[in-house]
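Student: This is the structure I want to talk about, given as structure tokens.
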Amino acid sequence: MNLMMVESQENPKPSAKKSGSSSIDIYAVQCGKCHKWRVIDSQEEYEEIRSNFSGNPFYCSRKPGISCNDAADIEYNSSRTWVIDKPNLPKTPEGFKRSLVLRKDFTKLDAYYITPSGKKMRTRNEIAAFLEANPEYKGVSISEFSFHCPKIVEDTIPEHVEKRVSGGGSGSNKKSKTMKDQE
Ligand SMILES: [Zn+2]
């Protein structure tokens, strides 16, 4: 049983910043019975499922009007880049927003939080300082924040990117011959 997020490579948004990095825009969860992938509509709902994934596994029937007999919402293949998320991460406290950005070289994701006042927080220390300086969030605990990032599924990294990553040292791939064209 798995919990994944997907970066859609179709139609890159023109509004996206020129940094070249992209964010996750599809949330998918695998059914514990039929193993089909179901797309979760909102990040909030996804985080809710994730927060108690071990204790309360996901089944198709949790989606209104859907059962295991229905076709999968999305197929796991390399037409998109998939990242594996960690189960049981805390749900983002109300008012805050958690964001994950995929680096343009696909080496990793970066996590950050946006505070209710719109400030970007990149580390636990920044969050701790923010909570201390803003007593109105007294009910919010630092333990509700996690900078744990999903792991990128190597096989789903687009080929044109993969070349640049070669030599990164993740296992013994056949591709260890760097960029040399052999014929
Ligand atoms: Zn199912």
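Along the chain as shown, the residues are counted starting at 1.
From the backbone N, Cα and C atoms, a Cβ is placed for every residue, glycine too.
Nobody curates TrEMBL annotations by hand; they come from automatic prediction.
These numbers come from a predicted model, not from an experiment.
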Student: Per TrEMBL, which of 1-21, 85-105 is region 'Disordered'?
Tutor: 1-21
Student: Return the average pLDDT for the domain 'CW-type' (21-76) as a whole number.
Tutor: 93
